[in-house]
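Below is one structure; the comments refer to it alone.
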């Protein structure tokens, strides 16, 4: 077999070499045929025939010689060195000592001298009777008669040509799409001998070979199976853009062939057929030969003779005249698109009309191959049919030179080559060009070079253009140019053509004639390569040139102006939606694809429906058997129940696979005593151990309708089902979605795309888990099951009803009927939505079915119910609750009806919008008005994982604003409705336990927990980390003003990026560059003195905040797993408007939390604080006491100065601050401030001491009503929001540390200290909350001995703190002395986190000294106050020496231990 393959390869190689040699001689034959006139054609043919005869004679002589040699060999014994014993064949190579003998033991059964008669008989049978050749070698014998040899070896062998392995013509050949017919490039995978069929006409074409492959698709050589005619079929890619391009080509060729060239005399390609095969558009053409580029390539890229070029140009001009009369532009004329009809003749035809368009109705701006691209296309102006004449001039020069005339490797390089040879482009052309400024410079004045050039391109305008240099172009366009190669030694066209080499065989006379021809040829090309399209010759003018007509040349040719075709730019005929080609109807592209998809999908659906029907029949039979068995068992149970005087709770185990299953678990089953009611029917679920794989239908005797349960997963506890809730089933039907593409309804899964059943069931409650209406339905129906699963008897088992009384049964049946009606309505709505073909789902709908099959949180997050048990107990419920629930359900039904009406309105709007978009899209595609190619599959939906099954209607955002507005309105309406329901329900039935809440459910309905809990936890971690990074970056980047607020003030704004601020947009304003530069310079020039150490502000868990209120402000890193219950106004009498004299937050205050009366509720601090001031009124609580730095109207921060009277700390109503913008409160809205996002951030802490420890608190007290410059260091807060038993505990809220200069620079006139009437001893905050509670517990649990020890420890701690305070005061005095020595500018501390210094604010140095003096006085006063408090504490300790057993509460200092 190896020898046979070698022989076949040799034969193939010889044929290829012979064809290559014939291609080399082809050009000479074409030239000879083109030179001879019609009179000499007969003589040339005779000469060729004679030459052929001579060649045949020579071949015959050679064959005779070969035969003689074979005969001689046979006479000598056939083969040299044959050993008949061993059947060994030897052959000698060389001679003498170097002689080598080759032994061949193959085919030893062929013995040459054995039985000549047998060999002759075999030869006669094979038809090899040759008297000259008595024997053939095994290679020749087995090559020619291989099939006969196989037949001899195996009599059962039969050769079938169709079973031969087929060669693949498409690369890559790996199937990927379109049912395995397409590869990764959407090309149809073609094999040799494939049959391509026109399904409409029944015409079949057999694939023979490949002719080429490109970006459009591929061209294959085929044979018509009916007529054996060879054709070329162009198979386009399975993409919509190429389909549209092929459709244009079909229409263009049809109009040219039928109307403008019906006799096929103008060298335009003929269209034979067109159809669709396997979703690919196929166009059948006549079969042609090689193109002109291949002809030049076969000539080793040497130019052709002027005579042959003349023959080609005449035919091309004839074709262009036809195109001009038809107002058609080819747009892609090049040597590759000009093909020879036959190898032996110069007849050509123009092909590839895929880029053709009508004049003045141009489709694309990126047309023509770069080497043949006209100047108007390069610059980006309106083009016409003259661009084809420019391409013809480039083709003419390339045929003569063998290389492209302008071989640019980029558009800039192409323009530079044209400018170098033909001059600068006309100014009129550059003025209209869209890309002119990209490649040219525009200068004022007149260009001196225009006078030297033949073409004056300035036209008397006051400006001129020059080409950009390579450096300028690379700098402006930010690109890098590749190096280009110059192929010609001359720059001008006449020099290049005249200096081209001559043939060596030419005589001097022939050279002179050739020079004259070249001069005429140069003038012809010069007229085609005019830069101005208006001066460029038309095809009619070019055809009258002496080079074409052969007339004598008397100088530069001046064309006839009357033959110049003035382009009328008439509107071309639009491509009709339906056109007929050879009796075959070509439909619109949308209809074609839809029909094909419908046919395929209909076949698949029919098969699926048949299978489903068979399965349903089998299931029904099984269910009937099970139902009969079940009825028998049920009758027996009912008889037992009727005999008993009391209702017994019986266990009915779930039967797995129709076998009884028993267990020792005592799971109660509440059954009815009525035997005739369908409520006693128990559904048998044939389940695997934990999952129900398929839905099972169950039909009762009273109602034959089938009930489909959703796919669920069951826990081990959910094996038992209570009989009271067995027949309360939700009827669900498969939803038929009307697909836009195929238009055929198909069954789809009830789960959303990409979803699977959760581990503990599917959500069926219409309310979210954090809603107060959640899980309040007493009946265990599929609609009232737990939100986290419908598994019966799970940890969150729902409450079931035992309808034992007649009234309860009636109400139960009414409720069941209403539920079924609601579900049916919802199903109908869903069907209507799907039939409309919308790809979007209504996210804001509250229908049950919209949320039936969505995955939610895991079972560990289920909110526990006060009546539920861990073993699936189902206690009875009273009638009062049933009536209330019926009222709630009626309200829900009304809400659902309103929502359904809203949905219908939305659907109608969406349908109208879709129709408009489809009409616009079809008109754009049919008319091809757009400047770019149509998108591929524009209607395909783009899925977003964040929506978990919900799809946006359009990814391009056509109607995003409208949909967003409607969604926001719906969300607001739903939120208002839910709030009303919650308030009503809380008034009627206050909840025992507050439902838990997750951070994801805080921000509205756009976020879902559709994945498993582990996956979502990972996503939450990513989201949290992003929020952390944003928070950290914003703190570093923003420049804050120092505010005198506590570290986490009770009235401080919420932390940025927290759930309370997620819905508020971050406002960004423009910062002038000059002010930014000034700020940067000031920062660089400022010194860096001592900076205080910042403390961490991590929130404390609410469990440890014994005295904190129930409102809690979470940090960005903490998960909110409980609800925020806002206290009502009646529970907080101190927050009434009558008790508060002033608005604490100002006019522009805003809070994300509000109480029932609309007032703002401040967020809760994360550190325990005093609440006393809140009892006395919000007016006494003062913070962020920042004075107005610039009293004049010209403020450096462009802040409007306002005035507002506020009340002091001591309760007096004297006005001490005339500026409403105290400390730049974050709750105020400063529209004129240019600092971005300044007031959305938490202010950093500050105090007046630079090195003062945060834990060393200074006592508060005393009265000082003077306007001093000291800041309050101890701010007392009340705890009126807590119960009355815990309102006596007072905690001091000390200000955090900061440098002296920073605080002074920010305060012009300080506030007054607080008069503290309570027993506060300045207790430090160094101990944590756990230590505080541990100390209280030990105090209560231990005896008097432990109590005394604790008192001693507290005294020791107080002494240590006093010592620390004294040390800190000494350090402060030392530092203050150092700062006094320095200049006022050095006394200012650097801005901490972007704080302003005194120089920036504009505070003079005298005020700083005054502030320092006032602060020293305040320190002395505070020290005296601390000493008084310590004395009071010691007196109280002496009085409270009674044993702790006789006391319930002990007040120690500012603490109350319970």
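Backbone N, Cα and C define each Cβ position, glycine as well.
Long-range C-beta contacts of residue 332 (active site, proton acceptor), restricted to its own chain and to partners at least six residues apart, with a cutoff below 8 Å, comprise 352, 354, 355, 356, 367, 368, 369. In the three-state DSSP assignment, the secondary structure recorded for residue 332 (active site, proton acceptor) is coil. What Swiss-Prot records for 332 is active site, proton acceptor, and it gives sequence analysis as the kind of evidence.
Counted within 10 Å of its Cβ, the other Cβ atoms near residue 217 (ATP binding site) come to 25, all protein chains included. The secondary structure of residue 217 (ATP binding site), as reduced to three states from DSSP, is extended strand. Residues annotated as ATP binding site in Swiss-Prot: 211, 212, 213, 214, 215, 216, 217, 218, 219, 234.
Per Swiss-Prot, coiled coil is recorded for 588-643 (among others), and the stated evidence type is sequence analysis. Over the coiled coil (588-643), the average per-residue pLDDT in this prediction is 75.
Marked as coiled coil by Swiss-Prot: 878-927 (among others).
Annotation source Swiss-Prot lists coiled coil at 1346-1383 (among others), citing sequence analysis.
Summarising the annotation, Swiss-Prot assigns coiled coil to 1409-1442 (among others) and lists sequence analysis as the type of evidence.
Marked as compositional bias 'Low complexity' by Swiss-Prot: 32-76 (among others).
The feature compositional bias 'Low complexity' is assigned by Swiss-Prot to 446-459 (among others).
The compositional bias 'Low complexity' annotation in Swiss-Prot covers 791-800 (among others).
Among the features that Swiss-Prot reports, compositional bias 'Low complexity' is placed at 808-853 (among others).
If you look up Swiss-Prot, you'll see 861-870 (among others) marked as compositional bias 'Low complexity'.
What Swiss-Prot records for 961-988 (among others) is compositional bias 'Low complexity'.
What Swiss-Prot lists as compositional bias 'Low complexity' is 1016-1042 (among others).
Taken from Swiss-Prot, the feature compositional bias 'Polar residues' covers 1233-1245 (among others).
According to Swiss-Prot, the feature compositional bias 'Low complexity' maps to 1246-1255 (among others).
According to Swiss-Prot, the feature compositional bias 'Polar residues' maps to 1280-1291 (among others).
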Handout entry: Candidates 213, 215: member of the binding-site residues with the richest Cβ shell (10 Å)
Key = 213
Practice task
Within the same chain, and leaving aside 211, 212, 213, 214, 215, 216, 217, 218, 219, 234, name every residue whose CB is within 8 angstroms of the centroid of the CB atoms belonging to the recorded ATP site, in sequence order.
Solution key: 235
Completion exercise
For residue 219 (ATP binding site), the number of neighbouring Cβ atoms whose distance to its own Cβ is within 10 Å equals 18
Problem - Residues satisfying Cβ distance under 8 Å from residue 211 (ATP binding site), sequence separation of at least 6 - result: 219, 220, 221, 232
